[in-house]
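Engineer: Relevant sequence annotations retrieved from TrEMBL are reproduced here:
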- Thr16, Gly17, Arg55, Glu82, Arg83, His84, Tyr85, Lys93, Arg109, Arg110, Gly178, Asn179: substrate binding site (BINDING)
- His177: site 'Transition state stabilizer' (SITE)
- 239-303: region 'Disordered' (REGION)
- 253-287: compositional bias 'Low complexity' (COMPBIAS)
- 288-303: compositional bias 'Basic residues' (COMPBIAS)
Amino acid sequence: MLGCGESSWNKENRFTGWTDVPLSEHGMKEAREAGDMIREKGLKFDIAYTSVLKRAVETCWTVLMHSNQCYLPIKNTWRLNERHYGALQGLNKAETAAKHGEEQVKIWRRAYAVPPPPLEPEDERNAKFEEKYKNLPPEVLPRTECLKDTVERVLPYYFDEIAPSLLAGKNVLVVAHGNSLRGLVKHLDKMSEEDVLELNIPTAVPLVYELDESLKTLKKYYLLDEEEVKKRIAAVANQGKAKEGEEANQPQGGAAAAAPAAAAPAAATPAAGAATAAAEATTTGKATHSKREKLKSLFKRGD
């Protein structure tokens, strides 16, 4: 899995969330470097999943281009979007911390079940006014989210779409965002709500999971040296502090690669192309509760 590169708002140290801003020049460089790492390690994928936010989509395209895998099918889903930061979106993190206090901002950013103040229903920043979400039921579009909300949004897509691909023997690339990836890592690593609060996803560093036939983690590792990973993790952890001139040079997103070990032969590759949010919503709507329960029971075997 891999988080997206630095966006233009990350560079300005602003809360981004669902705001659809592009990668910065530095973010594009990060994406190219991530793709180069993947190519040099010889990692090959069968399918890629990403969000509908352009910073993740641009990262995904760039990673596939630089790893010589731009022919792969890509599925886009709003469920892999970054956490929605509500009324904080667009505000400078350091200025917000200076105004409301670092502790309050830390709660908004890090408390598992406490969301920031929501957007007003008719605020022009609401997702319901964006073309990409027009075919989704209005009630599924958040006006704010805590980490718990984000995890509960991401995991159904994992059970309905990503896990079946892994069980079919496919090597999967997930390019998403810091908080949506925290949801996936929480599930794969069986982390508690308390532990996941201390988890920081380093930006634009491929994180590889090797899974067994029941999708239990056998091994995980970053494609970057330990000291650089620690440096990037610290940069993420230090965001939101009231320091004059503080600039967050790290994106809120990340990318990840999951490779099932001893898996069945790869299934046929789907037709190339990126799925729209509307198509994904239809697929998700058709996913059955029993399907998820069957997968969950499979993951519990041997615990």
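Just so it is clear, glycine is given a Cβ too, placed from its N, Cα and C backbone atoms.
Those TrEMBL annotations? Automatic predictions, nothing curated.
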Engineer: State which of the following binding-site residues has the fewest other Cβ atoms within 10 Å around its Cβ: Arg83, Tyr85.
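Structural biologist: Result for the binding-site residues Arg83, Tyr85: minimum number of other Cβ atoms within 10 Å at Tyr85.
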Engineer: Give me the count of other Cβ atoms within 10 A of the Cβ belonging to Arg109 (substrate binding site).
Structural biologist: 22
Engineer: If you count the C-beta atoms lying within 10 Å of each candidate's C-beta, which of the recorded positions Thr16, Arg55, His177, Gly178 ends up with the smallest number?
Structural biologist: Gly178
Engineer: Could you round the CA separation between Arg83 (substrate binding site) and His177 (site 'Transition state stabilizer') to a whole angstrom and send it over?
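Structural biologist: Distance (Cα to Cα, whole Å): 8 Å.
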Engineer: Expressed to the nearest Å, what is the distance separating Thr16 (substrate binding site) and His177 (site 'Transition state stabilizer') at their Cα atoms?
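Structural biologist: Rounded to the nearest whole number, the Cα-Cα distance is 11 Å.
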Engineer: So the record assigns Thr16, Gly17, Arg55, Glu82, Arg83, His84, Tyr85, Lys93, Arg109, Arg110, Gly178, Asn179 to substrate. If I measure every Cα pair among those residues, what is the longest distance in angstrom, as a whole number?
Structural biologist: 22
